[in-house]
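Notes for the one structure printed next.
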Ligand SMILES: NC(=O)c1ccc[n+]([C@@H]2O[C@H](COP(=O)([O-])OP(=O)(O)OC[C@H]3O[C@@H](n4cnc5c(N)ncnc54)[C@H](OP(=O)(O)O)[C@@H]3O)[C@@H](O)[C@H]2O)c1
């Protein structure tokens, strides 16, 4: 396993992690256990993935079975959109820690910069009869961040970060933070390489994690019939001739080339798979190196904003939130 060093704490974050979105509890428990046995040390989950309990069971079993210790692992989860207010941070964090059966998280991210009102019974967003989500427009990142810092001081979280935030939103937090964001998790793959945001993060000592590093092929089924999505928006990165040609040269698979490209670009990757063969395949990316010419060829696949898959418009009305992070004019251009 390879690691990157985080600012301020100097903690080591594995450059490859296991993504777990769309991985249901019944399958993810055994996959996380197998992934840890295979050498994965970094697991990415979120309140919204509804699988923290199963992941907690797998981690506990792996430690109880004497396979390794808690300190060997890097566990990330995220504050949900329904808990995106200072008064709720600790409540959600404690619930998530108890679901994961952990005393501390290695990394806690604010999942999205906007917020929905929360149904206290189900801990899900309140949706109006029109299908629109009830926005909590009072979102104040500075006060949320302060509570994140307090939780870190108490030892409940080791490292702090953001997800789906824009450059302006991150800059505002950096201005007042006593402990600065260390990690930004955003959509990032061959078609959407996030060049300006990565430059900004590098200048601010923020490690970038790529979600959907394979172009999220499973999202197509998930979003089918969802508001504001059409299947032709989804790229087939694994089928691209440029990727296949490079994969053949190294006797690797397209997925391995897509992941290798990103880690060579100093981006952390968290591919999701619930197949034992594919988690093995996705971890086997450190025994070959793309040439500078191949890296340049892959850089040219970037489509900028046009390559974005995740705009969150399936949450009807979300773009009316004052902290909606994306420029819709650029997305629809
Ligand atoms: N912060 C956020 O807002 C956010 C948003 C989205 C995702 N994420 C995180 O990022 C992780 C990764 O993103 P993602 O799950 O959307 O997309 P991804 O990792 O790019 O793609 C996952 C999909 O690719 C398939 N796959 C995995 N390995 C493969 C291989 N070697 N060959 C062919 N197909 C393969 C998986 O199917 P099988 O399972 O059947 O193998 C799954 O359908 C998520 O799981 C989650 O942890 C975060």
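Each residue, glycine too, has its Cβ placed from N, Cα and C.
Record features, source TrEMBL:
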{"type": "ACT_SITE", "residues": "49", "note": "active site, proton donor"}
{"type": "BINDING", "residues": "111", "note": "substrate binding site"}
{"type": "DOMAIN", "residues": "16-302", "note": "domain 'NADP-dependent oxidoreductase'"}
{"type": "SITE", "residues": "78", "note": "site 'Lowers pKa of active site Tyr'"}
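Annotated features taken from TrEMBL, shown on the structure.
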residue	record	DSSP class
49	active site, proton donor	helix
78	site 'Lowers pKa of active site Tyr'	strand
111	substrate binding site	coil
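Around the Cβ of residue 111 (substrate binding site), the number of neighbouring Cβ atoms within 10 Å comes to 21. Take the CB of residue 49 (active site, proton donor) and look out to 10 A: across all protein chains shown you find 22 other CB atoms. In this structure the alpha carbons, written CA, of the residue listed as 'active site, proton donor' and residue 78 (site 'Lowers pKa of active site Tyr') are 10 Å apart. On its own chain, residue 78 (site 'Lowers pKa of active site Tyr') has 45, 46, 47, 48, 108, 109, 110, 111, 163 as residues at least 6 apart in sequence with a Cβ closer than 8 Å to its own Cβ.
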